[in-house]
Structure formats: C-alpha cells, structure tokens
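According to TrEMBL, the features are:
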- 3-235: domain 'Aspartate/glutamate/uridylate kinase' (DOMAIN)
- Lys7, Phe8, Gly9, Gly10, Thr178, Asp179, Arg189, Lys214, Val215: ATP binding site (BINDING)
- Thr52, Glu79: substrate binding site (BINDING)
- 339-400: domain 'CASTOR ACT' (DOMAIN)
Amino acid sequence: MRIIVQKFGGTSVASPEVRELVLRKVERARDQGFSPVVVVSAMGRQGAPYATDTLIGIARTAYKGIAARELDQIMYCGEMISAVVMAGTLQAAGMEAVMLTGGHAGIITDATFNNARILKCDPTRIISLLKQGKVPVICGFQGMTGDGEFTTLGRGGSDTSASALGASLNAEMVEIYTDVDGIMTADPRIVNDAKILDCISYGEVCQLAHQGAKVIHPRAVEIAMQKNIPLVVKSTFSDAPGTLITNIAKEDTDGAAVIDKVATGVTYLTNIVQIKVHLDETMASDASFKVFKTLADSDISVDLINVHPGQIMFTINADHAERAAAKLKRQGYEIELLENCAKVSVVGGGMREVPGVMASFIEALSCNKIAILQTVDSHTSISVLVPQSDVGAAVKSLHEKFGLST
Ligand code: ASP
Ligand code: MG
C-alpha cells in the first residue's frame, strides 16, 4: 500500500468551493495509486465562526480565567466540525470517507493541555480502513491521553498530527496544503521578489520556523525528520509543485546539484525587548546564574544571550518585559531596557564553514545604516537584533545581499 497523508489548513476547508478543490487533490492522489489519509484544521481564520481563535474567544467571555483543560474541550470542536464536513464532501463524491478524531486515529499524548506532546501514534485503525478502500478524514491538532482526556497539540498543531500520522504509517509523503505555493525565501509582503523554494532541508525549515517564518510547525518537521518522511508544502488553490522538505536540500529533479547558495531564506521576529543587566564586583560570583534562574522561575524564555564580566545582555518577548524588569529590580539588579526591537535571521545550510558570510551580513546592514544591537550565529544561521522600525530594510537588504532575489 502506498500511503500519502494530505493535510489541509483552515483556508483550504473554509467554504464549499474550496472543499471541492480538496476533493480534487484527494481524487488525484487516488488516481496516482495512493491510499490517501486526509487531515484537516479548523475552518477559516479568526472571525470565521468555527475557527480556533473564534472558539477561544467564546470560551474567554464565559470564564474569568479558563483552565487549560476546559480550553482544550472547546478548541477540539473546530476540527470536529471541519472533519465531519470534509468527510461529507468526499462521501457526496462517492468516496467511502470516515471521520476520525485524533484519539480515534490513535494519537496518544501526555496530559499537557493546550500543548500536549505525542507519546505514541497507533496506526491500526487507519490501516484497517485503508485496506477496505476507505478514506480516513482525521481531525488535526487533537490528541487523547491514555485515560481518555481530550488534548490539543499547540497552536498550528495540525501539521504535527499529519507528520506523526505519516511517520507511524510509514507514508511515502506528507503533503501540507495551504494558501501559498510553497515556502518562500522571505515574507513577500516585505520582499516583493521573494521566491518559492523548490526544496529545503528539514534543518533549515526548522530554523526558519523558529525564527519567525510562518511556514510549518517546527515540531511537524522534527517528527518527519526522525523517520525521513518527505514533506511537501503546497497550495490547494493551484497545481504548483510546492516546496519539498527532505534531508537533502538543493538538489534538482535530475539529482544533479544546483548552484549552491550560502543562504536559503531570511526571516524575522518582532515584539522583542533587549535587557542589559549591570553586574559589579561587589555582587556574588553567582549573580549571573541568579538572573537567569529568576527568569526561568517566572517561565520567561530568553534569547540572544551574551554574558560578559560586567554585564549580561539578552532579549525576551515584549509581553513579558514588565514582569521580568520588576522581578530583576526587586532582586537589586540595575537594568536597562531597549524596547521595540526585532530579530532578523538569515538561514542556510550552505553557510557552514564559508568564510566572509558575517562580513557580507554586516556590510548589507551598515550600507543601509541599520543599527546592529546584537548578533548571534550558528553553523547554519546568523541573526541580528535591530530597531523594529528597520526590520523591512534589514530583511530586504539581506535578501538581496545573499542573492536570494535571483
Ligand atoms: N486549528 C488549530 C489552530 O488554529 C490547529 C491548526 O490550524 O493547525 O491552531
Ligand atoms: Mg497552520
């Protein structure tokens, strides 16, 4: 049996017209000899009646502070509605479609409500349906604990469901259908000559996702990578081939290496605050440890960390800035806050051990008079903290400097 998992995002299931397009994608997979397993997200985006954000809004009006478990019960409904309706669409076209919840599909999670981790995925029921020629239509985003509690996999978690199902079914491919033709070299709202990538490695796409690109849930990529299942991000609304995510990037269809680029994409995160903590010799030797411990105890995650003898510097999400500042001041630290910052990152497996990458990076920014507040790099990425007002200029100049427009 050649299994393909086809996951359709919210905009792909939002109306009867687009559900017809989904039907065609499923029919095509069958015509090509695949046994399709369909995974769906909740219908539409914020504002649509059954979108996840709408359901969260409804719950929040009824509760002062809703418990994570209760929130999962209402968030569950979005995918339920979507999967029933999608299964109906396939049935109306003559397919034997069977709607399944995440639990029915064998997705067992821990009990971390709202952000559960998949512990195991038992494909028995799906395999038996496929053997009977049926098409399972599965609610993405959903899991179930061993003792039957409903859980969800974190926002954007339908991708994770698709990947986990693909891995457990040993699928030939997992297709992630969305409303764009594939993964782009940059946000097209900023860079008008951003390009669709033909292929990208698992590692690169994880970095892009973690650094702000809204392409695919990074956990979905990590799961597919473990089992080496190819992922394809493509559009429901076109026949474009999409972006193939595998462990070999930059290979063309003939298998010959194409022109190697140092960078694959540029991405950004906004709403960041930089914090500097001053340390002096009168402080205890474990002062810097205590700074990070204070933040960790308050569940505040830190990024872009530099520790120097007289100073610690790091960034946090602006939503936590007030709380972090208050805690640190209470402990007697002298701190400086720089608000309205953004982190811009260039990602590329090709930059490993290539000399001059940092020089080009800095050159692109300084030519455009963009202040560099902090930098950090790894083998496959370089990130810079800049004033948020410069984020567009920084992304554009780096995209051009690294030849991503050509
Ligand atoms: N409906 C869920 C969300 O909005 C899951 C998903 O769309 O992937 O987060
Ligand atoms: Mg999504």
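One-based numbering along the chain as shown.
Note: Cβ is positioned from N, Cα and C throughout, glycine not excepted.
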Binding-site residues whose CB lies under 6 angstroms from ligand 2, from Lys7, Thr52, Glu79, Thr178, Arg189:
none
On the DSSP side of things, how many residues of the domain 'CASTOR ACT' (339-400) fall into helix, strand and coil, could you say?
27 helix, 21 strand, 14 coil
Please give the maximum pairwise Cα distance, in Å and rounded to a whole number, for the ATP-binding set Lys7, Phe8, Gly9, Gly10, Thr178, Asp179, Arg189, Lys214, Val215.
25
Fewest Cβ neighbours within 10 Å, where candidates are the binding-site residues Lys7, Gly9, Glu79
Gly9
How far is it from Thr52 (substrate binding site) to Gly9 (ATP binding site), counting Cα to Cα, in Å?
12
Inter-residue Cα distance where the pair is Glu79 (substrate binding site) and Val215 (ATP binding site), in Å:
20
Among all the protein chains here, how many other CB atoms are within 10 A of the CB of Thr52 (substrate binding site)?
27
Integer Å distance between the CA atoms belonging to Glu79 (substrate binding site) and Arg189 (ATP binding site):
29
Taking the Cα atoms as reference points, how far is Glu79 (substrate binding site) from Thr178 (ATP binding site) in Å?
16
Sorting the binding-site residues Lys7, Thr52, Thr178, Arg189 by sequence and keeping only those with a Cβ under 6 Å from ligand 1 gives Thr52
Are there any residues at least 6 positions away along the chain from Thr178 (ATP binding site) with a Cβ closer than 8 Å to its Cβ? List them or say none.
Gly9, Thr11, Ser12, Val233, Lys234, Ser235, Thr236
